[in-house]
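**Q** Starting off with a structure, shown below.
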Amino acid sequence: MSLFKNGMLFMFQGRKPWQDNSQNQSPFLTPFLRPSRVFRFLFGDRPFWWVHESGYYSQTPARVHQFPSSCETGPGSPSGHCMVTGAAFWPIMTAVSSQVAARTRSRWVRVIPSLAYCTFLLAVGLSRIFLLAHFPHQVLAGLITGAVLGWLMTPRVPMERELSFYGLTALALMLGASLIYWTLFSLGLDLSWSINLASKWCERPEWVHLDSRPFASLSRDSGAALGLGIALHSPCYAQIRRAQLGNGQKVACLVLAMVLLGLLDWLGHPPQISLFYIFNFLKYTLWPCLVLALVPWVVHMFSAQEIPPIHSS
């Protein structure tokens, strides 16, 4: 409760971990006096290092319990877990809601998918606060952003786009992020500040994971964009689109996909940073190909059902 209260003070008083306590300046104006402070003010700190860097606990050191998932190295605002979860589950919630609405007239039954969606997001947000990975306002920002993204992007799924669209999207993500990185770096901004603080205040060095770095998200997202395009334009997916998979086949696809994705995670990653980014990009390029094309094609080919012949008009 004390951490929550001081987190609210962190939001409204303007006293930041990077502020020098010896300076006799306005606490509200201090974060805006230098570009680096503006940068850190916008992207936010994480609680597990803020309790040590803020100065609020200089007289009585705070005793907090960290977890293996606490020591993420990226900035804390907004919560990526909440944002991705909110965006990914929005189309699922809307699809289930439409199916339920077509089968019942009860308002209480129709609202169940929305309640389940909100309950799950609340559980994810509370877990991020409990792990000291985010402040409450960062979780709230992630939940709102994720829901808005899901609402905006659900009717705009690029299913019929050319393969070049996905390739250019992946390229634009990488080049755009690299351009922003080198621009800010040339302005003298320390873009590794969150990595340094996470490494400094994490209880165990093995809890500082490479896949929580900001550029790891870039390689993951760009690889997934390219892999989605490859999967949607593969011959396996073209054949699966004409097939009618039964419930048993769908369950088999789910089990086989989970096994293969678990094996990919079990392989680990190279310890070198550059090789890790390349491996991460290739792994997430392969994921959509497995889930959307290869696994359903294998299950369909080994099943007893046959694809009905398609006659041209």
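Just so you know, glycine gets a Cβ as well, placed from its N, Cα and C.
Curation does not apply to TrEMBL; its annotations are automatic.
Copying in the features that TrEMBL gives for the protein in this structure:
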type	residues	note
DOMAIN	33-154	domain 'Phosphatidic acid phosphatase type 2/haloperoxidase'
BINDING	Arg46, Arg128	substrate binding site
ACT_SITE	His81	active site, proton donor
TRANSMEM	108-129	transmembrane segment
ACT_SITE	His134	active site, nucleophile
TRANSMEM	165-184	transmembrane segment
TRANSMEM	252-269	transmembrane segment
TRANSMEM	275-299	transmembrane segment
**Q** Just jot down the residues in the same chain as Arg46 (substrate binding site), at least 6 apart in sequence, with C-beta under 8 A of its C-beta; none if empty.
**A** Glu72, Pro75, Gly76, Leu132, Ala133, His134, Ser194, Leu197, Ala198
**Q** Among the active-site residues His81, His134, whose Cβ has the fewest other Cβ atoms within 10 Å?
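**A** Lowest Cβ count within 10 Å among the active-site residues (His81, His134) is His81.
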**Q** Determine which residues of the chain contact the transmembrane segment (275-299) at the Cβ level, with the cut-off under 8 Å and only residues 6 or more beyond its ends counted.
**A** 210-211, 215-216, 219-224, 226-228, 230-232, 234, 236-237, 239-240, 245, 249, 252-253, 256-257, 260-261, 264, 269
**Q** Provide the three-state DSSP residue tally for the domain 'Phosphatidic acid phosphatase type 2/haloperoxidase' (33-154): helix first, then strand, then coil.
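**A** So the domain 'Phosphatidic acid phosphatase type 2/haloperoxidase' (33-154) is made up of 82 helix, 0 strand, 40 coil.
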**Q** By a simple count, how many Cβ atoms lie within 10 Å of the Cβ of Arg128 (substrate binding site), its own Cβ left out?
**A** 26
**Q** Fill in the CA-CA distance, His81 (active site, proton donor) to Arg128 (substrate binding site), as an integer in Å.
**A** 8
